């Protein structure tokens, strides 16, 4: 092939490029009019075919090459049946115009048009063309026209196949693919641009109509934000235009109240320093002068220049803040307005059914029992609802300390012993932990245990047994509580720890309960660093597992006790138990001597004066009962208070029998430190006359119930307001003050500075009590969570163990 032929071939190919350019100019102008577009595309390819046929390339004398089959194939691919019909008509017309229409050439054009249209309609219909389709169209443009050769004389057909087709076939195939790629590339570019414009419009619509606003900002090292983009949502949110923020007409920090500006600036400064995300809530001033609460959040990213940008959102949380305030007010109302009257109702019913008002007729007593049971049920519901709210809001206090696990389990079983007996259910405890200690809040742990034990009891058959086992685990200890009840239905297990959930709606009536106990227990277990789970088999029973962290064993030092403090004699043959008692006594500010046997106990009693004595009844090879009887037979020690500490308390009580005067308490081993502390303080206490109490409470019903529960052994002054309380405190000495936090003229907590040092203060209120306030008083009790009998017991314990001044009753 000569150089001139190549140049002429390139010139001919440029005609097809013109078609690609015309299609690019057409663009998407007629996309919404598909028929018109197909006609125009067919016309463009027809014009390209006309230009190619008007100036063909002569490859041999009398033999010319043009692009008619190429444009026919491409027209079929890009404009379908309608377009290729237009292109074919133009090309045929040109063919007839040029040489009166060679029949073979016309047949080749028609076959190519039919083949291309068929491929587009049956193979590539309703989808964009791809490279594989261009290859197929290239084959249409090269292979199908060969079928027209059968219409030529044999010699002519062989000549063309030998001398012309080897040249024309690859050129037509390559031209179809190359020009098709140009058109396809332009079309894909337009599709990409259209898709991008649609995505931008969609994103713009979402950001402009989303609640709140979206933004992009830079933050200076000083914490000053510069907004680069702000969505139109700012107009609804803050009442300003996006341009006002972006062009700097309004400083975004200028709308933050002074009281919050330093905090916001500090958070932004920290984010700028560390290139971290920020999240904050703050009031924000609107352009009309009103104020709303907003929450902002942004994540950092690096732009193409390596600078850090923060992109995020700002939303209006005013309704959420108002809802939180309403919820807090509701909780406060529930705490006070429901707990306070319920305290009086429950307390009064408890005293009446307990015989405080004398013997009742059986029918009246039965009705009162129903009323008391339902008041207890209502109390549990209110307490559970309030507990759930405190857990979810993170306001439930947890005081994590080290406790002996077996001791906690025994206390829980003892607390539920009445419920076990009521339902005729037995229990067993299997301890495989060898005296392990755990890190828990004892009150919350008991709350979980009470929930699980009460459930196990309720769902156990009469005469059944609840099994409790303690087993070591790799990361702690597992407590298992098992019953032999009906089991939990499979369909209910996924909802087991949901709120107000019952396996059967009838269970609420048959078994009682609020449906909150397990949800609360699971939340508490997780807050204690553990977990709550269960296994159940229908007809066989259910086992609940509490996994809790174990405390490392640490040798506790014995606190030092100053000279001259009270001294107690400890009669105990077990050296470890004796050391524990010494530590507990030292924590109470009490010194001690330890006698490991009867002989040493006798000698120490003769040589020293003791404030009290702790006594183990069963000593190694000897009997502590002999020591006790000798004490009571001796004039010098017959009044000595004794705290009996033994692993066989029941046997000890039976052995001492009627001579047990002076025994302050009977404490079962293992020793409960809290109970021991109360007992030993009571044993060491010397008092005369009736203690005087000031009860500050605006509900007279509560005052009367507490007074009835305490009986005639104390003198009680009851006042309603803070002003009355101040008058009584100024003119009287009180050993104990019972204080309600919610008073008509202020908070009871404001009275604490006016209560003399040394006076025991017991808070008894429906309001939740903060940790700081709880630490500043002698005891803090919540109405409905503590019965009036328990309140009276606590008051008596406090008075018995207090060193506060007491006055005698005037006669």
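One is the number of the first residue shown, and numbering goes on along the chain from there.
Cβ atoms are placed via backbone N, Cα and C, with glycine included.
Copied over from TrEMBL:
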DOMAIN    278-329  domain 'PAC'
DOMAIN    333-552  domain 'Histidine kinase'
DOMAIN    567-684  domain 'Response regulatory'
DOMAIN    692-798  domain 'Response regulatory'
MOD_RES   616  4-aspartylphosphate
MOD_RES   740  4-aspartylphosphate
TRANSMEM  6-27  transmembrane segment
TRANSMEM  39-64  transmembrane segment
TRANSMEM  70-94  transmembrane segment
TRANSMEM  101-122  transmembrane segment
TRANSMEM  134-152  transmembrane segment
TRANSMEM  164-185  transmembrane segment
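Below 8 A, the CB atoms of the transmembrane segment (164-185) and the transmembrane segment (101-122) form no more than two pairs separated by six or more positions in the chain, fewer than 3 in all. Counting same-chain residues at least six beyond the ends of the transmembrane segment (134-152), those with a Cβ under 8 angstroms from any Cβ of the stretch are 69-70, 72-74, 76-77, 103-105, 107-109, 111-112, 115-116, 119, 123, 160-161, 165, 169-170, 172-177, 180-181, 184. Across the structure, residue 740 (4-aspartylphosphate) and residue 616 (4-aspartylphosphate) place their CA atoms 42 angstrom apart. DSSP labels the residues of the domain 'Response regulatory' (692-798) in these numbers: 47 helix, 30 strand, 30 coil.
The stretch in closest packing with the domain 'Response regulatory' (692-798), judged by the count of Cβ pairs under 8 Å and taken from 278-329, 333-552, 567-684, is 333-552. Residues of the same chain lying 6 or more positions beyond the ends of the transmembrane segment (101-122) and with a Cβ under 8 Å from any Cβ of it are 68-69, 72-73, 75-77, 80-81, 84-85, 87-88, 91-92, 95, 133, 136-137, 140-141, 144-145, 147-149, 151-152. Under 8 Å from some Cβ of the transmembrane segment (70-94) lie the Cβ atoms of residues 16, 19, 23, 35, 37-39, 41-43, 45-50, 52-54, 101, 106, 109-110, 112-113, 115-117, 119-121, 124, 129, 133-134, 137-138, 140-141, 172, 175-176, 179-180, 183, all in the same chain and six or more residues away from its ends. DSSP assigns residue 616 (4-aspartylphosphate) to coil in the three-state reduction, outside any helix or strand.
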